[in-house]
Amino acid sequence: MAMQKIFAREILDSRGNPTVEVDLHTAKGRFRAAVPSGASTGIYEALELRDGDKSRYLGKGVLKAVEHINKTLGPALLEKKLSVVDQEKVDKFMIELDGTENKSKFGANAILGVSLAVCKAGAAEKGVPLYRHIADLAGNPELILPVPAFNVINGGSHAGNKLAMQEFMILPVGASSFREAMRIGAEVYHHLKGVIKAKYGKDATNVGDEGGFAPNILENNEALELLKTAIQAAGYPDKVVIGMDVAASEFYRNGKYDLDFKSPDDPARHISGEKLGELYKNFIKNYPVVSIEDPFDQDDWATWTSFLSGVNIQIVGDDLTVTNPKRIAQAVEKKACNCLLLKVNQIGSVTESIQACKLAQSNGWGVMVSHRSGETEDTFIADLVVGLCTGQIKTGAPCRSERLAKYNQLMRIEEALGDKAVFAGRKFRNPKAK
């Protein structure tokens, strides 16, 4: 089924920054997709095209990307008469038309916007739900509901507190269904709010970009202690484990790490990667930490490798791998991590996202699907995680509508699957294992 019309516009994301939205029309109707955007971005990500016109949106406008779709990509696709079911052909055509390594001609935000809309239209054309269409594109016969990783305490570049590490997450792995995982997550979240309010005052329960709390604490183990207390208070010590996203590239300074990077710089307090690794090992020993993302800088390969060989938990590459097949292959070869963080806008098309996921899985890695800190009401990644059977998703706290949009969509998908719904639970690292 051919595309009839492609139209892009500039909308605002959850942080009040412009982003790209695409409407694609076929005989089956209108299919709309919006592109997310990150705050802590890896230097190897595909290029997000911004206008740079300081008189509009502080230079963050996306009218150039929108124009690339409306004047170039859209007309070229309509002329080519590709079917919306042929995701790979459509994506390949756009990537070749762009012709750059990192999509800098049109912008990954332009190409991805069209790619996502095409995927939604393709599902409608086949008359199947989006998650089933994605599963077909990936060659997956089964469908799996993921364990949600709720980012409930925020630090790093996402928050105005002193906390260096960016995300402290709870994973209800002991739940029996996705819906139950949502309830457990929400209950722990509310208990956490009470614990923080009692200890630090009401203003400490204001929420960050992803709906988590950002109390003004400096010590990272204090955040873990708060989680432990809230999990106990909610009555789920046997069902909830902890994940972290350190985003260490944000505080890497001349070969060392600064755990107080939001204060005036003082090289005397910078620590080595090895020392930081010891700190993580203490966290693993003292708390139910099962997953650590970006524990070291995106180019500090040697430290990643030596750390991975000394722990048996999930070590996730995000800034390290940026959903890019070349970086993933490098990380596999160096044995740097054992899980990929999958962000569609880091690579810039649905096809390449699926390829990155399959490359990681074929090397025995786990895969965690992820939102960005600047999100929209678009729910594509909810269907994506079910279709790709990755078993885990992080899309913020159970708070703020742009986060709940994804979680609520996952509850609907579970409901639609009925008896056939399979929840990853404790097998979140390798949900396909029988």
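Note: Cβ is positioned from N, Cα and C throughout, glycine not excepted.
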Swiss-Prot Mg(2+) site partner of ASP245, ASP318, selected from GLU219, GLU274, GLU293: GLU293
Same-site substrate binder from LYS275, LYS335, LYS394, given that Swiss-Prot records HIS158, GLU167, GLU293, ASP318, SER370, HIS371, ARG372, SER373: LYS394
Shell list (substrate; ref centroid = CB of HIS158, GLU167, GLU293, ASP318, SER370, HIS371, ARG372, SER373, LYS394; cutoff 8 A): GLY38, ASN151, GLN166, GLU210, ASP245, LEU341, LYS343
Cα-Cα distance linking ASP318 (Mg(2+) binding site) and ALA2 (N-acetylalanine), given in Å to the nearest integer: 36
Rounded inter-Cα distance in Å - GLU210 (active site, proton donor), ASP245 (Mg(2+) binding site): 13
Separation of alpha carbons, GLU293 (substrate binding site) and THR205 (phosphothreonine) (Å): 25
